[in-house]
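Per Swiss-Prot, the features are:
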- 1-249: region 'Lycopene beta-cyclase' (REGION)
- 3-23: transmembrane segment (TRANSMEM)
- 35-55: transmembrane segment (TRANSMEM)
- 77-97: transmembrane segment (TRANSMEM)
- 130-150: transmembrane segment (TRANSMEM)
- 153-173: transmembrane segment (TRANSMEM)
- 176-196: transmembrane segment (TRANSMEM)
- 231-251: transmembrane segment (TRANSMEM)
- 256-595: region 'Phytoene synthase' (REGION)
Amino acid sequence: MGLDYLMVHVKYNIPPALLLTILYKPFFTRLEVYKIVFLCTIAVVWTTPWDSYLIRTRVWSYPADSVIGHTIFRIPLEEAFFFIIQTYNTSLIYILFNKRLILLPYLSGPIKPLTQGLFGTVALRTWRDFGILFFTGISVLGISCIRAGGEYMYLGLILSWISPILLLQWPLMYRFLLGLPPASLWVPIVLPTLYLWIVDTLALRRGTWVIESGTKVDIQLWDGLELEEALFFLVTNVMIVLGIAGMDNAIALFEYKAFVSTTAVGETPSIPRLLTLFFTRSRRYCDTNVLREMSQAVTLLKQKSQTMYLGSAMFEGQLRLDLVALYSFCRKADDLIDDAPNRATAQYWIKQCEKALELRFKLKGAALDNTAAYQQLTKSIPPQLHAAVHLLPASRLPKGPLSDLLKGFEIDMKFDSERGIFPIATEHDLEVYAYHVAGTIATLLLELVFRHHPVSISDSERLRVISAGEGMGRALQYTNIARDIVRDAEIGRVYIPSVWLAEQGLTPSMVVNQPRNPKLIPLRRRLLDKAEKCYRDTQEAISELPANVRAPVRATVTVYMDIGQVIRENEMKVWNGKLKVSRWRRFKGAWLAMS
C-alpha cells in the first residue's frame, strides 16, 4: 500500500480542477453540468474495460507501494478517478474557451474554404471522406500492431481503442467541427495534453506506474516520456474535446429548431434528446438563409460591440439567439441611417425600416424557415434589410418599442450643425431621446426574458419591472453619450443638453468646433452621474427577474456601466479616442456580478 498515485492527484490534477471551478463557477449553467457529467460517465464506461485488459495482460502495472490497493476490475481507484478528473478538466477548459461562441452559425461549416491550391477548393464532402479514410487507417494500423504483438502491443491497443469513437463522430459532425474557429478545438486539446505530459514524466521517473518492457516501442519524446504515453494523453484529450463539441453540435441543432419556431420558448434540452438530435438530425434540415443571416448578425455584433457580444454569452440558448437577432436589427437600422450620405437618404431608410417592420409582424405567425414567408418578405424590402428584419423574433416581441426606436433615429435626423439646429435642448429632451434609442431596447430585452422564462407575478408588477428596464437602457445610453462626445461632434451632433452647456458658457456649435474643450469635463461627469442614478434605480427591478436570467442581466449591465468608471479614470484618453476596457476587467466585472 502506498500513496504515490494519490499524491499525483493531490499535487497535480485536483488543484487545476479547483482553480478552473472557482474561475467558472458563477457562469455554470445546468446544461453545462449535464454535459460534463455525461462525458465523465462515458469516459469511465469506455475506458474501464480497455484499462482493465491492459493491466490483466501486463501491458502496464502499478507497484504495490504506489497505490492504496483498492481496485475496480483490477484498476486502482486512483486510476479510475483519473478518468473522471481528466475529463472534467479538459471539458471545463473547452467550455471556458468557447463560452463566447454562438453555435448556430457553425452548423453550415466554414465560411471560407479550408484549402485552396492546385486542385482548387476542397469540398466539405471531400473532408468528410478524407476523415473517414484517415480514422479507418488508424483502426487498421491499430489492429495490425496488436496482431504483431510484442513492442507494438500498447501502441496498437491505443489506436484500436480510439478509432471506433472517432469513426462514429466524424461523419456526423465534420461540418460543425470544420466550421468552428480552430483555436476553439486545439487550445483545449494542447493545454491539458502538455500539462499531463509533464505530470506523466514525473510519475514514470518515480515509478508511480510502469509500462512493461517488451510491450512498448522504446521511443521517448524526451527523457522519461514514452511515445505511447504521450499518444495516450493526446488522443484522450482529442476524444474529450470532440465529445463535448459533438454535444455542442446537437445543442446547435436544438437551438435552431427552437429559434425558427413561433411557439417554442425557454426549453433546456435533456441529454437523451441531444443524443437523438446528434444521431438522427443533420444540418440538411436547417434553412441556409437562417444560418447565413445568423452568421452575419453575430459578425455585426462582434464588430460593433465586444462588450455586448461577451455580455450575450451570459444568456443561454434561444434567448441568446433572440437577443442577437434583436441587436442585429437595431444596429443595421442605425448604420443605414447614420451612414446615409444625406438627409433624404436617411429618411428613406427610416421609411423602409417602418415598412419592413410592418410586414415582418404581419408574417409573425410563420416559422423563420418558411420559404413562402421569406420570399414574401424579401421581395418587398431592400436587400440591405433582408437578414436583420427576417431574423427578428416577431412572434415573441411587441412592435411598439421597435417603432419608438425609429423615432429616436428621427431625432438624430434633426441635427443640422450648419444651420445651428440641435434638438437636445433640455434634460427632458435628453431623457426622451435616451428612451427611444436605448430604453426601447431594454424593454424588448425584458419582454423576451419574460416570454422565455415566465414568472408568476401580476401584470402591474411585470409592467413595473419593464418600466424600470427602460431606466436601465437610458443609463447605458447616457454612458455612451459621455464616451462619444468627440465622435458625435465630428458628425455634427451634440447630445449634451443645451441648457447644461449654457451653464458652462458653451453652445452646441462651440462643442462641434472644439469637442475637447476642458469645460466639457464636468458635463461629462454629470452625464455619468445621471447614468449611475438610473442604474441604481433599476437594481430592485433586476432582483425580481426570473432566477436563471437575473444574474446575466445584472452582469451585462454592470460590465457596460463599468465603461463610465473607466471614463472617469482615463479622462484624457477619452478625448484622444484611446479608451479601451480590458478583457480581464470585463471578466472580473462579470464574475463579481454573476457570483
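Glycine too: its Cβ is placed from the backbone N, Cα and C atoms.
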I need to check the long-range neighbours of the transmembrane segment (35-55): which residues 6 or more away from its ends have a CB within less than 8 Å of a CB in the stretch?
61-62, 72-75, 79-80, 83-84, 86-88, 91-92, 95, 154, 157, 161, 165, 240, 243-244, 247, 271
Distant-in-sequence neighbours of the transmembrane segment (153-173), which means Cβ under 8 A and at least six residues beyond its ends
46, 50, 53-54, 57, 59-60, 128, 131-132, 135-136, 138-139, 141-147, 211, 215-217, 227-228, 231-232, 235-236, 238-239, 242-243, 245-246, 249, 278-279, 282
Compute the average pLDDT of the predicted model within the region 'Phytoene synthase' (256-595).
89
